[in-house]
Amino acid sequence: MVKASVLGASGGIGQPLSLLLAISPLVDELSLYDVVNTPGVGADLSHINGTAKVTAYLPEGGAGLEKALTGCDIVVIPAGIPRKPGMTRDDLFKINAGIVRDLATGVAKYCPKAFVLIISNPVNSTVPIAAEVLKSHNVFDPTRLFGVTSLDVVRASTFVADVVGGDRTKYKIPVVGGHSGETIVPLLSQISPKVDIPADKLEALVNRIQFGGDEVVKAKDGAGSATLSMAYAGFKFAEALLRAGNNETGIVEPTYIYLPGVPGGKEIQDTVGGLEFFAVPVELGPNGAVRATNPLVKVSDYEEKLLEKCYEGLKGNIAKGVEFIATQSSKL
Ligand SMILES: NC(=O)C1=CN([C@@H]2O[C@H](COP(=O)(O)OP(=O)(O)OC[C@H]3O[C@@H](n4cnc5c(N)ncnc54)[C@H](O)[C@@H]3O)[C@@H](O)[C@H]2O)C=CC1
Ligand SMILES: O=C([O-])CC(=O)C(=O)O
């Protein structure tokens, strides 16, 4: 029996992501939670003759979150406001930090052993926030907390194929670092299958992967950011974890993790200037992260320069999340 929950289920990401989970044969029960509209979204999804039983909750003064989370094996969190043109992901911190704090508190209380997948931006800071909340409740297991960076990986393969052609479903590119602008570092020198990216196209390609989110924000023109591609990418990551949970082996996905707590992570931490959180390809197993792999040992000179900028940006983003929770003890 696998129970999954989506927190922020009525939103632009939450609805299509819930649809994908509701029709997945890997999910037996899907609980939807949001501050608005879950009765409608839940009634709608519950008519699908898939394997998952769908339940839906509003806050109900705290009881709704408890019911949504109790017994959960996997919790996906896309709750929070999205960007409008002219905003950075960091501009979302003010509102989304408190939302992630409260939802992570719910996880700590009602399903402390669940896998937790954070989509809410700024991911670079919201994952440290969730980690600090779980730590404060003495239930932090770093092998079960994941910042979802899969959309960067999805975009990387699509945009590479736009430049060099070939089957875009086949390109695998380790995208490391964080999830905003220059903290997103695609290691195109390690693309598989190997392709030659023309030198005069490299910089624009890297820039497109780093700022792909801006393309959607601009095109939506005030109506939000990526939702459908994010639901696809978020589901892909959740599905990878559920497949690993079914003892499927050899599953490796890039994700933003707490390096010191995942096997293989300390060695990576030493190469990234001591940063505690960083996205790398991670091998997944029935209990979550099994091993962080280190693609940083063979980067090009150009990628080394990108990484320097990434470290600088991430350092501040991580500290901001950790410091926020240090001031919130009464709210945890
Ligand atoms: N990690 C990634 O790659 C990506 C992350 N995002 C982020 O995902 C977040 C959600 O984006 P959208 O779905 O487009 O926004 P949206 O505004 O359409 O949906 C957000 C939902 O969260 C709900 N919500 C707000 N406070 C809540 C709370 N305390 N508890 C439960 N639900 C709550 C809202 O009612 C709304 O239904 C944004 O922060 C966005 O920046 C978006 C795209 C990619
Ligand atoms: O750009 C945004 O704000 C949403 C996001 O994280 C993405 O699309 O990668």
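Cβ coordinates are placed from backbone N, Cα and C, and glycine is handled just like the others.
Automatic, uncurated: that is what TrEMBL annotation is.
According to TrEMBL, the domain 'Lactate/malate dehydrogenase N-terminal' annotation covers 3-147.
Counting every protein chain shown, the Cβ of Met230 (NAD(+) binding site) has 23 other Cβ atoms within 10 Å. Under the three-state DSSP scheme, Met230 (NAD(+) binding site) falls in the helix class. Sequence annotations record features per position, and here TrEMBL assigns NAD(+) binding site to Gly8, Ala9, Ser10, Gly11, Gly12, Ile13, Gly14, Asp34, Asn96, Ile119, Ser120, Asn121, Met230.
In the three-state DSSP reading, Arg89 (substrate binding site) counts as helix. Taken from TrEMBL, the feature substrate binding site applies to Arg83, Arg89, Asn121, Arg155.
If you look up TrEMBL, you'll see 149-324 marked as domain 'Lactate/malate dehydrogenase C-terminal'. Mean model confidence of the domain 'Lactate/malate dehydrogenase C-terminal' (149-324) amounts to 97 (pLDDT, 0 to 100 scale).
Here TrEMBL flags His179 as active site, proton acceptor. Around His179 (active site, proton acceptor), the C-beta neighbours below 8 angstroms that are at least 6 residues distant in the chain are Arg89, Asn121, Pro122, Val123, Asn124, Gly147, Val148, Thr149, Leu151, Asp152, Tyr256, Ala279. In the three-state DSSP scheme, His179 (active site, proton acceptor) falls into the coil class.
Other Cβ atoms within 10 Å of the Cβ of Asn121 (substrate binding site) number 26 in total over all chains. For Gly8 (NAD(+) binding site), the Cβ neighbour count at a 10 Å cut-off comes to 25, with all displayed protein chains included. Residue with the densest Cβ environment among the binding-site residues Ser10, Asn96, Ser120: Ser120, by other Cβ atoms within 10 Å. Neighbours of Gly12 (NAD(+) binding site), defined as other CB atoms within 10 A of its CB across all chains, total 19. Proximity to ligand 1 at the level of Cβ atoms, with a cut-off under 6 angstroms, picks out Gly8, Ser10, Asn96, Ser120, Met230 from the binding-site residues Gly8, Ser10, Asn96, Ser120, Arg155, Met230.
By the rule that a residue counts when its Cβ sits under 6 Å from some atom of ligand 2, the binding-site residues Gly14, Arg83, Arg89, Asn96, Asn121 yield Arg83, Arg89, Asn121.
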